[in-house]
Amino acid sequence: MARWLFKSEPSTWSWDQQVAAGAEGTFWNGVRNHLAKQQMMAMQVGEQGFFYHSNEGKAVVGIVEVIKPYYPDHTDASGRFGMVDVRAVEALRTPVTLDAIKAESALKDMVLVNNSRLSVQPVSEAEWTLIRRMGGLG
DNA sequence: GCCAACGTTGGC
DNA sequence: GCCAACGTTGGC
C-alpha cells in the first residue's frame, strides 16, 4: 500500500471542508502538474494520504483515503489532467508542522522538504509511521 | 527541439 | 508582500 500527501491551501479547500464532505468525499481537482498527475494515476482505492495545509498553517492536519481511482478532471479545459476522489478518515490530534518535519532528521528526504512545490506527493512507509506518531495517532 | 520569457506556487 | 524555484509556453 502506497502512502501519499495531498497539499491544499486552506483558503481554497480546507481540512474542515474535507471533513464536512463526509463519507462520500469529494474530487481532488485542480492539479495541473504532470508529476502530481502521475502520483494520482498510481493511486489505488483504499490507499491513504496526509492532508497538508500549505501557506496558512503549513502542517499535516489529517488523513484521507482514496475512494475513486484516477479519472478526467472536468475542470480542465485541455483534457490533459485528471483527479481522484478522497474522503476524510481522521484528524491528527496535533497538527505536524513543516517546522517539526524539517527539524526531524529522519524526514529530511521527504518530498515535502525537497520539492515543496509538488502538490501531490508520495510518502514512504517510514515517513508515514513517524508523522502519524508525531501527530498523536497510534 | 532548444531556451528565454513568463506565470504560479509556496515558504519566508 | 517578496522572491526563489520550478513548470509551461511560444518564438525561432
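Cβ atoms here come from the backbone N, Cα and C positions, even for glycine.
TrEMBL does not curate its annotations; it predicts them automatically.
Features of the protein shown, as given by TrEMBL:
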DOMAIN    A:3-134  domain 'EVE'
**OP:** Would you mind splitting the domain 'EVE' (A:3-134) into helix, strand and coil residue counts from DSSP?
**Re:** 40 helix, 48 strand, 44 coil
Subject >> pLDDT averaged over the residues of the domain 'EVE' (A:3-134) >> reply: 94
